[in-house]
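Here is the structure we will look at.
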Amino acid sequence: MTPPAPTAVPAPPPGPATVPRSRGSKVAPVRPLVVALVGNPNTGKSTLFNALCGARARTGNFPGVTVEKKVGRLKLPLDGVAADRAAEVIDLPGTYSLSPRSADEMVSVDVLLGDAGGGALRTPRPDAVVCVVDASNLHRNLYLVSQVLELGLPVVIALNMGDVARLRGTTIDVPALSQKLGVPVIPTEAHRRRGLNELRAAIVAAAAGPAPQPVRSLPDAVSEEADVLDGWLAEHGCPDVPAYLRERMLLDVGGQVVERYRGRCTGDLPAHLGGVRARLAEAGCRVPAVEAAGRYGWAREMLNGTVETAVEPAATASDKIDRFLTHRVWGLLTFAVLMFLVFQAIFSWAGPFMDAIGEGQGWLTGLVQDAMPPGAFRSLIIDGVIAGVGGVLIFLPQIVILFLAIAVLEDCGYMARAAFLMDRLMSRLGLSGKSFVPLMSSFACAVPGVMATRVIENRRDRMVTILVAPLMSCSARLPVYLLLIGAFVPATAYLGGLVELQGLVLFGITSLGALVAIPVAWLLRKTWFKGETPPFVMELPPYRWPSLRNVALRVYDRGKAFVTRAGTLIFAATVLVWAAGYFPGDHTELHAVQAQIESESAEAEPDETVLEALELRRRRLSSDLIEASVLGRTGHAIEPVVKPLGWDWRIGVGALASFPAREVIIATLGTIYSLGGDVDETDDGLRDALRRSEWPDGDPVYTLPVALSVMVFFALCAQCAATLMVIKRETNSWRWPLFTFVYMTALAYIGALLTYQIGSRLF
Amino acid sequence: MNDQLAPGKRPDDGSPPTELTLAALPAGRPARILDVLGEDALAARLMEMGLIPGETVVFHRAAPLGDPLEFSVCGYRISLRKSEAARVTVAPD
C-alpha cells in the first residue's frame, strides 16, 4: 500500500534545529513553521489556541469566503529546541469532518493540502497538524482524526478535557492509544493551561519528522476506485489531484470538491462519479454509508483496549440543568429573562459609556477650538476627524457588552439551548434558532448584531440574517422618532391615560422594521439564497463554567476587529460627508464671525446682546453655506425625487447628510434651520422651527403625514455607514453592503411614499 | 456489519411493528439504529455525527414549541428537527 504522495506537495522543510545562525552576516529569512489547528466544535479548541498563542493573534478573512482566518504565533523558544524558527498556528473553524459541502467548509481542506489542493488560497502546506479531541467523547472525535490521518501530514493529537472524562468515569491509556494511532497523543487541559509545554515540544518534534503512514479506515474498494479515478482525471485535463480530494469526489454526493473540478475537467465528472459509485454499491460499499461505517468502525477498534468507559449515569448534572432550562414554562421564562437582560444591557447599560465618549469628543473639540483659529482645517479636525473617530468609538460599549454576554452564554453551553428553544419560531421565517440572538441584538444596534451572526455556520442562514438585521429598529433611530413624534403627534390619551397616541406611534414605528423583515427574509430565501432548508443537526454540549480568559479574549478580539477593519471606513465616510457639506463655499465671513464670538465670550464680561447678534449671524451664514455646498445643491437637485414623499429640499439634505449615522439628521436640520448644529431631539427651538417651516407658497412643510413619512423612511433605510462597513467585513465583499443599501433605500422610499400619499388623503 | 445493514436491505425478522423512526420514539427508551434513509448531504451529515446503523440512541425531550428534539448518541447530546429525525429508522430495545 503506497501512501498518497501528490507530486505538487513541496518537500518538508528542514527541521528547525538544523538551521544555522551566523552572527553579523545576513542569513536568508527562514519561513516560520506552519501549524494547523483542527478539531470538533466544543472541544476547547479556541481555549487551546489562546493558551498556545496568547492575545496576539491576527484575525482576518480567507479570500472569497466568509470564514475568519485566525493566525497566532506559537510561544517559543522551547528549551532551545526551536529558538531559530518561529511557528505560526492557523486556527481552522471547528468541524465534525473534512467532507466539504460548501466553499466555506472547503477552506479547512485547502489550508491542510496547501498549494496541492488546487484552491485559490495559495498558502504553504502546514508542517504539522494539531487535532484537538474531546477526551470525554473520543468515539465521535476520532471520525475527524481518521480523516486528518489520511492527509499525509505530521499529526499531533491534543487530548483535551481529560478532567471531564475522568469525572464521567472514563479512563484512557494514553501511551497505548498513541501507539495504536501511530501519532503522539498529548493530554492537555487548556483552561488550566496544563500540558502546553509538552504539546509545544510534540509539535516542534512532529514538524521536524516525517508524516506517519496514512490510515486506511475505508474498505480497499474505495481506495482502489480513488486510484483508478486518478487516471481518469489525468486523461481529462486534471492531473495531480491529491488522493484525499479524489476520495472526497467519490464519497461526497454533490460535495464541494466535485464542484471545484467539474469545470476544470474536460469530461463529465459528475456522470463519471455516478458510475463509480454504482460500482462501489455493487461491491457492498454504498455511498455515503460506507464512510461512516468505516470510520466509526476504525474508531471503535482504536478505543478497544485503550479506553474504558463507565456506564453513563442515568441523569448527569447537565441533564438536570437541561430539564429546567428547556422546560416548557421555566425554560422559556428563563430564556425571556436572559434575553431581556442582554437587550437591556446593550440598550441602556451602554448609555453611560456612550455618553462618556460623547463628552470626551466635546472636550477634545473644546481643546481644538481654543488652540486653533476658525478655518477649513479646524472644521476638518472638529467636524470630520473628531466626529469621525467618535462615530466609530461610540459603538464600542454596545459591542463589548453584547459580546461579553454572547461569549459567556456560548462558553457555558447555553447558546446551543437558546437555538434549540427558538428554532421552531425562526424556522417559520426560513431561518434557524441560531439567528435569534443576532436579530434580537440588532434591536439595540445592528453593528454588534451583524458581528454576532458568526455563530451561524450555514452560509445561507447567516447571509439572510445579516441582510435583514439592519431592519430591526436600533437605538440610533430613537432620537429621530422622539423629535418628530414630540413635534407632530398630538399628545392624545385613550382609556383614561392608559394608552397614549405618542406611545402607540412609537411602538408602531419601532415594530415596523421587524414586520417588514419577515417578507424580506422570505423573499431572500426564495431568490438569492434558494435551496433546501439547511439541516439543524446541532450538538448540545454539556454545561460548564465559562473561562474568564476566553471571554475576555473574545470581547477584545471583536472590539479590535471592529475598530481596525470597519472603523477606518466609517471614519472615511464621515470625512466625505463633512467635505460635501463644507465645499464649495467662501467661509471667510463665517470664520470672522466665529472668531469674534470666541473673543467676545473670552472677555471677562461678555456683552450678551452683541453675542446674541453675532450668534444669529453665524447661524444664518452656516445655513446659507450648507445650502450652497455640494450637499445643499444635491438636496435641491433631488427635491423632485423626495417631493412625492412630502419632503422639501431641507429634509432631503438631512437624509443625505445622515448617511454615516442616521441620528446626524437632527444636527443637520438644526444647521439648516439656522439653530446651530448642537441641537438634540428634545430641543424646543428645533421643534418650533420644524412646525414653522413653510413651502414657498406658505403651506406648512411638516404635517403629520410628512412626519410619519420621514419616520417610516428612517425606520427602513440603511442610513448607517457602520452597519454597511460591518456587513462588508463580515461577508468579505462589497456586494452585500451595496445590496443592503439599495434594497433598504428602495423599501424606505416606497414606504415613505405610501405613508405620505395615503396619509395626506386621510388627514 | 456494513453488508448486513446496508440501506434498503433491512433485516426482516418478521416483526415490522417494532420499527420506528427517531421522530416517533418514546422518551427515555433506548433504541438501536437500523438505517439512515437517503444518500444526500443530510444523510451523510447524520451519519458522520454518529447516527449509524447499530448505534444506540435515546430520545430525551422536545423543545418547548414541539420541535426540534434532543437525543443522546455516541455518548453526547444532539438536537435534530423532526423532519431530520424521521430519516433515521430504529428498533426499540
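A Cβ is built for glycine as well, from the same backbone N, Cα and C atoms used for every other residue.
Summarising the annotation, TrEMBL assigns GTP binding site to A:39-46, A:64-68, A:91-94, A:160-163. Secondary structure at A:LYS45 (GTP binding site), taken from DSSP and collapsed to helix, strand or coil, is helix. Around the Cβ of A:LYS45 (GTP binding site), the same chain contributes A:LEU37, A:VAL38, A:GLY39, A:ASP91, A:GLY94, A:VAL132, A:ASN160, each under 8 angstroms and 6 or more positions distant in sequence.
Among the features that TrEMBL reports, Mg(2+) binding site is placed at A:ASN50, A:ALA51, A:GLY54. For the recorded site, A:GLY54 (Mg(2+) binding site), the DSSP three-state label reads helix.
According to TrEMBL, the feature compositional bias 'Pro residues' maps to A:1-17.
Residues or ranges marked as domain 'FeoB-type G' by TrEMBL: A:32-209.
Residues annotated as region 'Disordered' in TrEMBL: A:1-25.
What TrEMBL lists as transmembrane segment is A:329-350 (among others). Panel annotation: around the transmembrane segment (A:329-350), residues 397-398, 401-402, 405, 409, 414, 417-418, 421-422, 437, 440-441, 443-445, 448, 475 of the same chain, lying at least six beyond its termini, place a Cβ under 8 Å from a Cβ of the stretch.
The transmembrane segment annotation in TrEMBL covers A:380-409 (among others).
TrEMBL lists A:429-452 (among others) with the feature transmembrane segment. Beyond its flanks by at least six residues, the transmembrane segment (A:429-452) meets 339, 342-343, 346-347, 350, 395, 398-399, 402-403, 406, 409, 415, 418-423, 458, 461, 464-466, 468-470, 472-476, 514, 517-518, 521-522, 525, 533-534, 536, 558, 561-562, 566, 720, 722-723, 726-727, 730 of its own chain at Cβ-Cβ distances under 8 Å.
Marked as transmembrane segment by TrEMBL: A:464-489 (among others).
Sequence annotations record features per position, and here TrEMBL assigns transmembrane segment to A:501-524 (among others). Packing against the transmembrane segment (A:501-524) from elsewhere in the chain are residues 429-431, 439, 443, 463-464, 467-468, 471-473, 477, 481-482, 485-486, 489-494, 708, 711-712, 715-716, 743, 747, 751: each is 6 or more residues past its ends and has a CB under 8 Å from a CB in it.
Under the heading transmembrane segment, TrEMBL lists A:562-583 (among others).
Nonlocal intrachain contacts for the transmembrane segment (A:702-726), taken as residues 6+ away from its ends with a CB within less than 8 angstroms of a stretch CB, comprise 391-392, 395, 446-447, 450-451, 469-471, 473-474, 476-477, 480-481, 484-485, 487-489, 505, 509-510, 512-513, 516, 562, 565-566, 569-570, 573-574, 645-647, 651, 655, 658-662, 665, 690-691, 693, 737, 740-741, 744-745, 747-749, 751-753, 755-756, 759-760, 762-763. Taken from TrEMBL, the feature transmembrane segment applies to A:702-726 (among others).
What TrEMBL records for A:738-758 (among others) is transmembrane segment.
For the binding-site residues A:GLY54, A:PRO93, counting C-beta atoms within 10 A of each C-beta gives the highest total at A:PRO93. If you draw a 10 Å sphere around the CB of A:ASN42 (GTP binding site), it holds 19 other CB atoms from the protein chains shown. Within 8 Å of the Cβ centroid of the Mg(2+) site, not counting the listed residues A:ASN50, A:ALA51, A:GLY54, the chain contributes A:THR47, A:LEU48, A:PHE49, A:LEU52, A:CYS53, A:ALA55, A:GLY72, A:ARG549, A:LEU553.
The Cβ of A:ASN50 (Mg(2+) binding site) has 24 other Cβ atoms within 10 Å, all protein chains considered. The closest partner of A:ALA51 (Mg(2+) binding site) among the binding-site residues, by CA position, is A:MET161; the full candidate set was A:VAL65, A:GLU68, A:PRO93, A:MET161. The listed stretches are A:380-409, A:464-489, A:562-583; of these, A:464-489 has the most Cβ pairs under 8 Å to the transmembrane segment (A:738-758). In the three-state DSSP scheme, A:PRO93 (GTP binding site) is classed as coil.
Summarising the environment of A:ALA51 (Mg(2+) binding site), the number of other Cβ atoms within 10 Å of its Cβ, over all protein chains shown, is 23. Less than 8 angstroms from the CB of A:VAL65 (GTP binding site) sit A:ALA103, A:ASP104, A:MET106, A:VAL107, A:ASN732, each of them six or more residues away in the same chain. Counting only same-chain residues at least 6 apart in sequence, those with a Cβ under 8 Å from the Cβ of A:GLU68 (GTP binding site) are A:THR59, A:GLY60, A:ASN61, A:PHE62, A:PRO93, A:ARG454.
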